[in-house]
């Protein structure tokens with residue numbers, strides 16, 4: 001096996017990847033692949049940084065639901081969309097908050113703020129199952145609290161009349177349409193997360209400056225522009241769960257499975273695509 005590995009390295013260096021027109025030559029920076037995260041890491045449970053990261057995920061998801069659902073409420077209560085921020089404003093609220101919150105929490109928890117993102121990174125062995133489950137629980141709790149505060153501001157009757165920001169499949173679309181929209185939308189988001197945070201890419205393409213929160217937030221903005229008319233745009237199971245629990249009406253729960261199954265499938269596809277196809281490009285190491 002050792003001989004075969006040397007042959008692979010020799011081949012990768014001898015037949016280097018052809019650069020696209022208009023880009024600079026491949027960097028010769030060394031890159032060392034970090035080991036995959038263990039599936040179970042009991043030692044994390046004794047670390048303050050583990051719980052601090054969970055608290056950061058809770059607070060970020062809380063703030064995310066608070067700002068975004070309030071924005072949705074403002075658009076829903078207006079008689080004319082011209083007097084509100086409209087669909088574009090809702091999309092900017094979601095994308096802008098992700099940009100800000102990922103920027104604030106990336107150094108503490110990684111800035112997931114979304115169980116689908118956490119699931120995708122778990123499949124890529126970027127974090128342990130222990131941490132992934134803890135993150136998802138804290139994200140969901142934060143989402144419920146955020147939606148609950150919005151309901152407190154709006155009042156129960158007004159909140160329910162305006163739909164509570166709950167995700168449902170819009171009239172004229174089938175459940176299959178909604179599921180497909182959630183799968184593709186989450187694929188776009190999680191693929192962007194992988195690309196923006198890939199240390200291997202940063203080393204290989206060092207001529208491309210990356211501020212990770214910016215493309216991630218912009219991906220959320222664009223997906224919302226495309227899919228708000230179809231599902232209200234979930235692509236985040238915690239966001240959908242928090243709004244559904246506080247709204248708590250039958251029609252919201254009828255479609256709720258779509259906003260878990262779709263994002264998890266989309267995240268899994270993005271993880272497979274990035275790990276097997278994109279990162280399979282030979283990396284030229286320094287001799």
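The first residue you see is number 1, and the count goes up from there.
Even glycines carry a Cβ here, placed using N, Cα and C.
Note: TrEMBL annotation is automatic and uncurated.
What TrEMBL lists as region 'Disordered' is 1-36.
What TrEMBL lists as transmembrane segment is 50-69 (among others). Long-range Cβ contacts of the transmembrane segment (50-69) within its own chain (Cβ-Cβ under 8 Å, at least 6 residues beyond either end) map to 44, 90, 93-94, 97-98, 101, 104-105, 108-113, 131, 134-135, 137-143, 145-147, 149-150, 164-165, 238-239, 242-243.
Feature annotation from TrEMBL assigns transmembrane segment to 90-113 (among others).
Same-chain residues lying 6+ beyond the ends of the transmembrane segment (133-153) with a Cβ under 8 Å from its Cβ atoms: 50, 53-55, 57-66, 69-70, 73, 109, 112-115, 118-119, 127, 159, 164-165, 237-239, 241-243, 245-247. Sequence annotations record features per position, and here TrEMBL assigns transmembrane segment to 133-153 (among others).
According to TrEMBL, the transmembrane segment annotation covers 210-230 (among others).
Under the heading transmembrane segment, TrEMBL lists 257-278 (among others).
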